[in-house]
Each structure stands twice: as C-alpha cells, then as structure tokens.
C-alpha cells in the first residue's frame, strides 16, 4: 500500500507525446514517485496510478487518441482502470480514454477551428474523485489549456446521465474555449477513479512557471492538488 | 489485387467544423451554389487476391472497431472496389483529368 512518499505513479509515453516530462515532474513535486511507462510495453511496473499525458500521439492520425488506444500499455491500463486503479487523462490522454471507452463521449475539432492556448479558469464540479479530492466542489482554478481537438461532444442522453450522476468533473468558467457541450472541461467514470480533462494541470505546479495566480504572474499552482489528490486517495485506499 | 473502400462521415447531428469552414470558403472563390459541406473520410484497404465475403466482413469489423468512432461518426459504405483498382487515378478513369 502506498504512502505519500512512496506511491509509484506511471506516466505513459506514446510516439508524439509531449507532456510526459511535465507530468512526471508534477508527480514528484506533489510527493509521489514518477515511473516512466512505454506504449509498446504492457508491463505497468507495479505502479498504483497512471497518467496519460498530453501531446499529439501518432500525429492525431485517424482521430485524436485513436491509434494509441490499441497500444500494449493501454491494454494493461484499461484492465487496471476497470479494477479501480486511478487513471488521469490530460488533453490527448483524455482523448485516448474516450477512444478506449473508459469515459463516454468524444472530442472533435474546436468549433472556431483554431488551436487555442490560454490560461483557462475552470469550476470544480466534482471534488470526490481520486484526482480532485483536494479541491472543494465549486472552487475556481486556473490552469493552461492548449488544444486543437478539444470540443467535447456526446449525445443528449449521455450528457443528461453525466450531469445526473455528478460525473462532470470540471466546467469551463467565463468562456467556453472550444464549443464543448454544456461547458464540460472534464469528466469522471462512475467509480471516480478515471478522470479526463482537456486543460493541463501538470503545467501549473511550480511558482514561476505556471499561469497567473493570487501571488502574481506565473505564480499559479492550481494543478498541484490533482496529483496530491491521487496520493491522498492511494493512502486512504 | 483486391480493394475494399470504407467511407466514414461525421454523424448528421454532430457539427462538422471542417465542413463549415469549407462551405464558408467556397463563395469567396465564386462557388455560390453550395449551401452546405460535410467532410468525411475514405479508406482504401488493399488485399492480395480477391475480395471474398470473409474479407468484406473483416473490413466491416475494422470499420466498426478502428476506422470509425460510433459516437461521432457513421460508416456510410463498405464496398468491394476491386473493379476500380486499376493503375489510373480515379479522376482519370472517370474522364475528369
């Protein structure tokens, strides 16, 4: 069983992944031990949680995340997630989770067709997941957002079910940057162990290198509680 | 050599941002007749030998499991296009080039 200082958290690198190093650094800054996982290797190396980082795996060919979903590492991640292992998908990682059917819905091109890169404010809509328990429901956080295919879509019945079951984890606040249905920025599975979101918590974990925060420009560290949350949930498990 | 063509389109109820951009650009080039554009995908799957019913069935399975995402896309057609599998580009065969 993990402790705050020893929990091993895997970060999967696919061909075209960009943010694996930042995710590993975020895990370390939160107090965990990052473990590099390779897409072609089904061995999860005894990790207790997994982060699927952002990027453009396989160049977004076919559909964003569609080819990565069939990687050997993903077969293991899918089995582990169904068994309750915490899994966080960030941006391209979120797209991989929807393609793997671990989360419902899908992402299509932003409604305005442009790549968007900005400091995005979100409202935490569910603070009871493995990755959000260090937040309070209704809390506003600011983390970077950068994507081309970020428009979250699902049919009305699925959206109603997500809302009814409290499975919307994050909503865009102020401005919806990509046309996502019902301002959805991130969702969780029923059990609360799998979370996916388009914005990037791993880029807001260290003063001086994040978005604007209460203490000034680049001071924001609103991404850190994501990684502290999973460490707390592992200790409590 | 046999060939199976798989055609995939965004679902009608899903906004197609790319098609929307194209329909916006057409009038600027003088094409004012077209009121809507939807952009889809065409896959050409090649096989050694003939396209048997089993091969077509495998192509349908691949279309469902990999080539399309049923949440946002429909498979419009999975067809044996071996007869068109000559060396000339399609446009040339159709007398357009």
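Every residue, even glycine, has its Cβ placed from backbone N, Cα and C.
All annotation found in TrEMBL is predicted automatically rather than curated by experts.
As recorded in TrEMBL:
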type	residues	note
ACT_SITE	A:91	active site, nucleophile
ACT_SITE	A:200	active site
ACT_SITE	A:202	active site
Distance between residue A:200 (active site) and residue A:91 (active site, nucleophile) at the Cα atoms, whole Å?
-> 7
In Å, rounded, how far does the Cα of residue A:202 (active site) sit from the Cα of the residue listed as 'active site, nucleophile'?
-> 11
Work out the three-state DSSP category of residue A:202 (active site).
-> helix
Name the residues of the same chain, 6+ apart in sequence, whose Cβ is under 8 Å from the Cβ of residue A:91 (active site, nucleophile)?
-> A:19, A:53, A:54, A:55, A:146, A:147, A:150, A:197, A:198, A:199, A:200
Counting Cβ neighbours within 10 Å across all chains shown, tell me which of the active-site residues A:200, A:202 comes out on top.
-> A:202
